[in-house]
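For reference, the structure is listed below as structure tokens.
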């Protein structure tokens with residue numbers, strides 16, 4: 001099958017059909033009409049075989065996760081998902097693989113009312129680049145740079161599950177299905193991000209580990225933070241691992257959590273419990289913003305964690 | 001140097017500084033304000049080492065060409081360039097290489113008033129994905145699908161030069177510097193595309209060869225075409241090659257021309273000569289649209305070219 005036939009068959013119609021798409025897949029550009037009063041939010045991410053995923057990953061999971069990573073970036077600004085473009089580089093055109101990839105992508109796209117509007121398929125080593133596009137009422141985007149001393153720091157969900165799945169896999173140990181699901185099918189916190197407009201002062205999604213990502217937020221805001229490690233929300237498996245080893249690097253420094261880390265000024269903290277209940281998402285306060293720069297982590301015994309584990313950095317750690 | 005330091009040093013500020021960028025490089029998403037009455041045009045392209053460029057390509061040329069390919073897509077809709085995102089996958093972080101890549105990208109971006117607003121750097125086999133974003137007064141985009149019988153078919157510049165450079169290089173023969181420039185530094189026809197709003201009925205850029213790309217336009221418009229091969233605009237080198245071999249595949253089927261192919265209804269043809277003079281770009285009528293489907297190429301002797309050479313198709317021809 002030719003490149004063009006492949007594109008037509010699997011990627012011409014994926015996800016929602018949106019009225020604001022004037023022209024979708026099939027011309028030199030896609031054409032989009034942005035409603036008045038809305039700001040466009042965009043994010044481009046690449047996932048490379050052997051770096052971001054195992055070469056034998058299920059194509060359906062890869063299609064899902066490639067989009068989930070982008071949706072998590074939209075969530076971290078408080079944006080409403082709208083459109084995506086997909087650049088897929090493949091060693092060969094395997095129709096079975098493509099069908100599964102498109103199914104995983106399309107399922108998540110439809111769930112979020114997002115339409116695939118264009119992209120590129122090329123031959124080469126397996127990798128996926130996805131750009132997501134979202135809309136935010138102008139002036140309400142939640143940036144990294146607006147955290148202020150005294151703000152509470154919260155995270156959604158639990159931390160370190162995908163990292164534990166990865167550790168088990170790398171050690172050729174069995175991986176519990178719930179952990180595998182956290183690694184392969186992360187749930188982007190889109191609804192939470194939207195609902196935090198007007199509540200959170202600053203936000204970031206956790207893709208490279210809490211310490212590194214929160215570090216970016218602190219640097220952008222020109223502030224520091226104190227975390228209570230005893231308050232980190234951990235699944236039973238991760239909690240057991242930390243208890244057995246005394247090593248906090250799983251919840252602090254493993255990637256692929258795709259939870260939201262956000263700051264809330266004291267007057268707005270009263271909204272959080274009802275929001276958590278309404279969305280059925282755990283929202284946990286793990287610390288607070290301080291004026292003094294740096295990130296201090298308090299161990300459960302009150303002592304300070306002597307060394308902060310680093311986050312994932314493609315060019316530094318490999 | 002860490003990934004984040006690399007991004008900051010070479011990609012935080014590339015190209016123009018635009019007032020419509022509410023937030024550029026450095027957060028989870030870039031934020032953009034689209035003026036009222038403008039439609040957004042987007043296109044995502046990937047260039048893979050060993051497929052779209054030689055692994056030893058000069059990084060400055062690669063930075064330039066990666067953006068030129070996208071600008072050519074914007075030109076083909078008649079759009080005004082605005083922003084780009086860049087996903088760069090590299091085997092290692094080589095600062096000299098990155099500086100040259102950024103210089104080539106930045107030079108072309110600045111020339112077109114385009115700002116780099118975000119992206120991703122990852123470790124892996126060398127490839128570049130660039131999404132370009134442009135603006136078009138709503139309702140004036142030039143699509144592939146609106147060519148009508150009787151329209152003249154025109155192309156800009158000359159055809160087959162990049163293809164000839166590639167042939168020489170693959171044969172380890174010397175490449176004339178002008179041909180090499182056509183391959184490495186194609187000039188996207190942005191001003192021409194903009195000026196064809198209201199004049200051209202349909203347009204496409206030539207990336208995969210005239211026959212294939214015009215074929216897409218004809219299929220999208222539900223029409224056919226007749227081309228006079230004697231009218232194809234050829235540089236002396238390509239003309240000599242065609243004369244010597246009787247083989248028309250260089251101007252008909254080699255890729256990377258990045259010229260515009262467009263259709264003009266008879267009443268608007270009078271605008272073309274002055275537009276060509278004003279922009280100092282050769283604009284040549286090479287045929288006309290007909291109702292009957294298919295693409296017929298007339299040889300200079302009046303006979304019909306028996307077999308149409310195919311275009312570049314990543315998954316079919318390799």
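Cβ from N, Cα, C; glycine included.
Among B:43, B:66, the residue that TrEMBL places alongside B:28, B:73 at the Mg(2+) 4 binding site is B:43. Across the residues of the domain 'PurM-like N-terminal' (B:26-135), the predicted structure has a mean pLDDT of 95. Close to residue B:73 (Mg(2+) 4 binding site) in the fold, though at least 6 residues off in sequence, lie B:43, B:45, B:132, B:205, each with a CB less than 8 Å from its CB.
Spatially close to residue B:144 (ATP binding site) yet at least six residues away along the chain are B:202, B:203, B:204, B:216, B:217, B:220, B:221, judged by Cβ distances under 8 angstroms. Of the listed binding-site residues, namely B:43, B:207, the sparsest CB environment within 10 A is found at B:207. Using a Cβ-Cβ cut-off of under 8 Å to chain A, the binding-site residues B:73, B:207, B:256 reduce to B:73. Non-local neighbourhood of residue B:256 (substrate binding site): B:162, B:163, B:166, B:183, B:186, B:207, each in the same chain, at least six residues away, with C-beta under 8 Å from its C-beta. Here the candidates are the binding-site residues B:28, B:52, B:208, and by Cα distance the one nearest residue B:120 (ATP binding site) turns out to be B:28. Each residue contributes its Cα atom, and for residue B:119 (ATP binding site) and residue B:208 (Mg(2+) 5 binding site) these two points are 26 Å apart.
The separation of residue B:28 (Mg(2+) 4 binding site) from residue B:52 (substrate binding site), Cα to Cα, is 30 Å.
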